[in-house]
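What follows is a set of notes on a single structure, which appears directly below.
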(Lines of atoms letter the chains of each structure in order from A and count residues from 1; the text may use other names and numbers.)
(Lines give C-alpha, C1' and ligand atoms only; values in the text may rest on other atoms or scores of the structure.)
Protein backbone atom coordinates (compact mmCIF):
# COMPACT_ATOMS: atom_id res chain seq x y z
CA UNK A 1 0.00 0.00 0.00
CA UNK A 2 1.17 3.52 -0.79
CA UNK A 3 2.43 5.58 2.11
CA UNK A 4 0.38 8.73 2.71
CA UNK A 5 2.19 12.01 3.18
CA UNK A 6 1.20 14.91 5.39
CA UNK A 7 2.72 18.36 5.71
CA UNK A 8 4.91 18.87 8.77
CA UNK A 9 3.82 22.48 9.30
CA UNK A 10 0.43 24.06 9.93
CA UNK A 11 0.10 25.64 6.48
CA UNK A 12 -1.87 23.14 4.41
CA UNK A 13 -1.92 24.88 1.02
CA UNK A 14 0.53 24.57 -1.87
CA UNK A 15 1.77 28.16 -1.75
CA UNK A 16 5.14 29.63 -2.74
CA UNK A 17 6.37 29.51 0.85
CA UNK A 18 5.23 25.90 1.35
CA UNK A 19 7.09 24.11 -1.45
CA UNK A 20 8.37 20.64 -0.66
CA UNK A 21 10.33 17.76 -2.09
CA UNK A 22 10.28 14.08 -1.22
CA UNK A 23 13.03 12.48 0.82
CA UNK A 24 13.60 8.95 2.06
CA UNK A 25 14.69 8.60 5.68
CA UNK A 26 17.14 5.97 7.01
CA UNK A 27 14.09 4.16 8.39
CA UNK A 28 12.82 3.82 4.79
CA UNK A 29 9.94 6.27 5.22
CA UNK A 30 9.15 8.93 2.65
CA UNK A 31 8.70 12.41 4.14
CA UNK A 32 8.37 15.97 2.91
CA UNK A 33 11.41 18.28 3.08
CA UNK A 34 10.68 21.99 2.77
CA UNK A 35 12.72 23.73 0.09
CA UNK A 36 14.09 27.24 0.31
CA UNK A 37 13.04 29.86 -2.20
CA UNK A 38 15.47 30.36 -5.07
CA UNK A 39 17.57 33.51 -4.88
CA UNK A 40 18.28 35.87 -7.76
CA UNK A 41 21.33 38.02 -8.44
CA UNK A 42 20.79 41.78 -8.70
CA UNK A 43 19.90 43.22 -12.08
CA UNK A 44 22.33 45.22 -14.18
CA UNK A 45 21.94 48.96 -13.68
CA UNK A 46 23.82 50.01 -16.82
CA UNK A 47 20.63 50.11 -18.88
CA UNK A 48 22.33 48.91 -22.05
CA UNK A 49 22.95 45.25 -21.29
CA UNK A 50 19.96 43.47 -19.73
CA UNK A 51 20.20 40.57 -17.34
CA UNK A 52 21.64 39.73 -13.96
CA UNK A 53 25.09 40.66 -12.67
CA UNK A 54 27.68 37.92 -12.93
CA UNK A 55 30.03 37.67 -9.97
CA UNK A 56 27.37 38.35 -7.33
CA UNK A 57 26.04 35.38 -5.38
CA UNK A 58 22.35 34.72 -6.09
CA UNK A 59 20.81 34.21 -2.65
CA UNK A 60 17.78 35.34 -0.66
CA UNK A 61 17.99 38.73 1.10
CA UNK A 62 18.39 37.31 4.61
CA UNK A 63 21.41 35.25 3.53
CA UNK A 64 23.08 38.38 2.12
CA UNK A 65 23.65 39.61 5.68
CA UNK A 66 25.94 36.67 6.40
CA UNK A 67 27.96 36.93 3.18
CA UNK A 68 31.24 38.79 2.94
CA UNK A 69 31.43 42.01 0.96
CA UNK A 70 33.39 40.40 -1.88
CA UNK A 71 30.50 38.03 -2.59
CA UNK A 72 27.94 40.85 -2.67
CA UNK A 73 29.79 43.24 -5.00
CA UNK A 74 31.21 42.95 -8.50
CA UNK A 75 34.94 43.51 -8.80
CA UNK A 76 36.14 45.88 -11.49
CA UNK A 77 37.51 43.04 -13.64
CA UNK A 78 34.25 41.14 -13.60
CA UNK A 79 32.32 44.32 -14.35
CA UNK A 80 34.38 44.73 -17.53
CA UNK A 81 33.37 41.22 -18.64
CA UNK A 82 29.78 42.35 -18.22
CA UNK A 83 30.21 45.58 -20.18
CA UNK A 84 32.63 44.52 -22.90
CA UNK A 85 29.80 43.11 -25.02
CA UNK A 86 28.33 46.61 -25.22
CA UNK A 87 31.51 48.66 -25.64
CA UNK A 88 32.25 47.88 -29.33
CA UNK A 89 28.79 49.14 -30.26
CA UNK A 90 29.34 52.31 -28.24
CA UNK A 91 32.72 52.92 -29.88
CA UNK A 92 31.27 52.42 -33.37
CA UNK A 93 28.33 54.70 -32.61
CA UNK A 94 30.60 57.46 -31.26
CA UNK A 95 32.86 57.18 -34.31
CA UNK A 96 29.93 57.43 -36.73
CA UNK A 97 28.51 60.46 -34.90
CA UNK A 98 31.88 62.24 -35.13
CA UNK A 99 32.11 61.37 -38.84
CA UNK A 100 28.64 62.83 -39.38
CA UNK A 101 29.67 66.07 -37.64
CA UNK A 102 32.71 66.37 -39.94
CA UNK A 103 30.51 65.78 -43.02
CA UNK A 104 28.11 68.53 -41.92
CA UNK A 105 31.03 70.98 -41.46
CA UNK A 106 32.42 70.16 -44.92
CA UNK A 107 29.00 70.62 -46.55
CA UNK A 108 28.55 73.99 -44.81
CA UNK A 109 31.99 75.11 -45.98
CA UNK A 110 31.18 74.07 -49.56
CA UNK A 111 27.87 75.92 -49.45
CA UNK A 112 29.59 79.11 -48.23
CA UNK A 113 32.26 78.84 -50.93
CA UNK A 114 29.51 78.47 -53.56
CA UNK A 115 27.80 81.64 -52.25
CA UNK A 116 31.08 83.57 -52.33
CA UNK A 117 31.57 82.81 -56.04
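Keep in mind that glycine also has a Cβ here, set from the backbone N, Cα and C atoms.
Feature list (source: Swiss-Prot):
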{"type": "CROSSLNK", "residues": "108", "note": "SUMO2 cross-link"}
{"type": "MOD_RES", "residues": "12", "note": "phosphoserine"}
{"type": "MOD_RES", "residues": "36", "note": "N6-acetyllysine"}
{"type": "MOD_RES", "residues": "43", "note": "N6-acetyllysine"}
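Feature annotations (Swiss-Prot) mapped to structure.
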residue	record	contacts (Cβ under 8 Å, 6+ apart)
12	phosphoserine	none
36	N6-acetyllysine	60
43	N6-acetyllysine	50, 51, 52, 53
108	SUMO2 cross-link	none
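DSSP gives residue 108 (SUMO2 cross-link) a helix state.
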